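Per TrEMBL, these features apply:
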DOMAIN    19-647  domain 'Major facilitator superfamily (MFS) profile'
DOMAIN    448-503  domain 'Kazal-like'
TRANSMEM  55-78  transmembrane segment
TRANSMEM  85-106  transmembrane segment
TRANSMEM  194-215  transmembrane segment
TRANSMEM  246-268  transmembrane segment
TRANSMEM  332-353  transmembrane segment
TRANSMEM  369-392  transmembrane segment
TRANSMEM  399-423  transmembrane segment
TRANSMEM  531-555  transmembrane segment
TRANSMEM  567-590  transmembrane segment
TRANSMEM  619-642  transmembrane segment
């Protein structure tokens, strides 16, 4: 007995714990990469002058990479050396990050759109050029096809394809991590420790996005061409919608971290002994557990030999379709997959455009929005994940109990999201876009509303966005459209004078002056933003509490022999249907709320500069509400199926108990273990869930 206890006792630095530590690090590294990518969406959109729908497609290339290989990696990888496959994936992810950063080194210097280049002011002397009288910009000439093609080639406008390719490689490299890593851990750890280990991995993993967003916030404040230009000549700052941060710098750093994360996996064994097993248990190696109650009979048993020898790839391929058929006959598994991809649709769309939502609704800079997400929302998610794992371990909840946790926390989180709809700020006040030049609030998507009698004689361009903040508190689209007649100073310190539209506004000021940049929002908007952040932190915590129970429901509802394949197919479907479309259609809906598009260096429509905040809020939150509501309906169906299944098993246990007692079946192991045994026995009689 003492020998068995010693053998069951796990060493302090066992290989399983080494694998657990390596998994924590790789989850951190891949989340670090993913978090930084999400935080850089706005910067990449501005740098390549592309709409939100296209940047959503680029962001979805990560899932496309997963789609290409995940089914094969999950199935064949389970039979091969899983740790080394994860190590190879880390190497590919690092290469993807380096390729993503490559366009910066091929592009020329960033040239933001501005009309200030037409203004010659030096040494504080006045210039009378903002309001042009010769009509040189009024024509907004459209270049010929040949000229535009040459310009686009010189501007390297198609280099966003490198970002697409690099992100897709990251998706390919990430493929083995989740299905092979979690199945490896679940195979060789105690059943009661699985939830805690997964909670630990996810908690460490969630630290990755936190650091990724903080790195993104830091890089967003650095000018994209830092070190290559004189920053004193730049007339915009990090709060301007034309500002592009040093997005490329973070990808070099995250790629290096991923290289380090992959090293330990090359030195770990292909398989381990089950955690805490005695010698007798190692020989029998029988896997029994609560999932037997929820796995269909035709999914439970396999014709595989007890001691399989070397398996050829042809034999594995031959067994692939039957294994897939067994997997999809599990109705609980199918419902969980459908629920997950609907929820992931809402989550991916939300997290992709949340920084932009905070910029446009609450007037926050891109770097500040990213920073707040990193230091407030993500730690709340980490705390929620570990809380969910603790609840599962503390109360020893079964699958039905875990389902109740998932549904309850999701509904509470949804309530916090409903509150967000009422935490709004007014539109940025821009004459001709969000209000008339007479001060009447009216939203216009037409460019001709930018023309007013006060600037009609200036022959202004309607395409350019070069905002100035006037002394009356209004933001004008350009110095020309404000009717400014002169300017003093240079760079960021330039001041415009004699702006006729400022004098004609409902809030006239004697000096009729303006400075570069947009005007800040009203003070009550700052208060509203603080309330919004508090609500989102609570919602993030509640939502994350259901993450670990959700994984346990999935693992306990599938055949152990099909675990890697089931996790791989689950990831494939969720990533494909839940990861690729949302950034695209969320971006397309958001693009429809754009009030002023930027202009590319070669002409044509660039990135959006300002949105209608009311329409933006309706489109963004409306999509999230619809998707989450559908997921709750599916969760209800899952709960009904599981509870119905449990009632049937309980009834059969009661009917069979007298017969078992009569045959001398011992119940001396306690109520809990007896219930598990009976559950497994009766589950064998079921053919469907």
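Glycine is treated like the rest: Cβ placed from N, Cα and C.
For the domain 'Kazal-like' (448-503), the number of residues in each DSSP class (helix H, G, I; strand E, B; coil) is 13 helix, 11 strand, 32 coil.
The largest share of C-beta pairs under 8 angstroms with the transmembrane segment (246-268) comes from 194-215, of the ranges 194-215, 369-392, 619-642.
Below 8 A, the CB atoms of the transmembrane segment (399-423) and the transmembrane segment (567-590) form no more than two pairs separated by six or more positions in the chain, fewer than 3 in all.
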